[in-house]
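The structure is given below, and queries will be raised subsequently.
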């Protein structure tokens, strides 16, 4: 008899456990589908909005899309979590009432969360940077991949993805907003003909100006900017469109190398002068 009762209880609890797991799985599936569906609607909304009469830069649209998706996901996560807690017969209302909103916030570190979210709001509101911008944040440089309510993600050229809490962002340098300055310093031996080199650099500047459409001003030969024991340095500078300074600098350096080869001008190298003295002996 006792064995029958035991097996009956096990059967009942097994049924309840399976039902509980199925309910949790159902909530998770609904949350997953809800997130995917919301992402699709948000994408469609901003795509249609970008084609409306009110034009916004594509970077701004990408930023708003990312931010809206993050906000909706947080809401769905919260609702799914509350539904799962309800399966444990835990009422969120009574939980907040018993614990107190203030103590619960402190206990879960919500102060930092609120700080991050407020900072994220002002980043968007003040248009400090957008998705796709190349920025330097707290000494870390990279391209902004995502701006969320809590964190900002930037990817460096070679050092991976950096995830920075919005509340920790103290200083931002945005290299995409305005024009940039391309600067190339050309060094050559001090005994070379300066006029010949300046003339060649001016020809290069004219060639670059005619061949590129990403220049705002220049390039211009500034003149000799440094004198050392064995070399002189001439600076060439140009104002470029955002994110084009490096391409312009590479182009100028390439043309300078070809010009030096054609004119038989050597690049400076360390020199050591040795003076030998001969002693006369009787």
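From the backbone N, Cα and C atoms, a Cβ is placed for every residue, glycine too.
The model shown is predicted, which means the values in this text are computed figures rather than measured ones.
Copied straight from Swiss-Prot:
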| type | residues | note |
| --- | --- | --- |
| TOPO_DOM | 1-23 | topological domain 'Periplasmic' |
| TOPO_DOM | 47-66 | topological domain 'Cytoplasmic' |
| TOPO_DOM | 111-282 | topological domain 'Cytoplasmic' |
| TRANSMEM | 24-46 | transmembrane segment |
| TRANSMEM | 67-87 | transmembrane segment |
| TRANSMEM | 90-110 | transmembrane segment |
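How buried are these features, and what lies next to them?
Within the chain carrying the transmembrane segment (24-46), a Cβ under 8 angstroms from the stretch's Cβ atoms is held by residues 61, 64-65, 68-69, 72-73, 76-77, 79-80, 83-84, 87, all 6 or more beyond its ends.
Beyond the transmembrane segment (67-87), the same-chain residues lying 6 or more positions past its ends with a Cβ under 8 Å from any Cβ of the stretch are 20, 23-24, 27-28, 30-31, 34-35, 38-39, 42, 46, 95, 120, 124, 146-150.
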Need one number: mean pLDDT over the topological domain 'Cytoplasmic' (47-66).
67
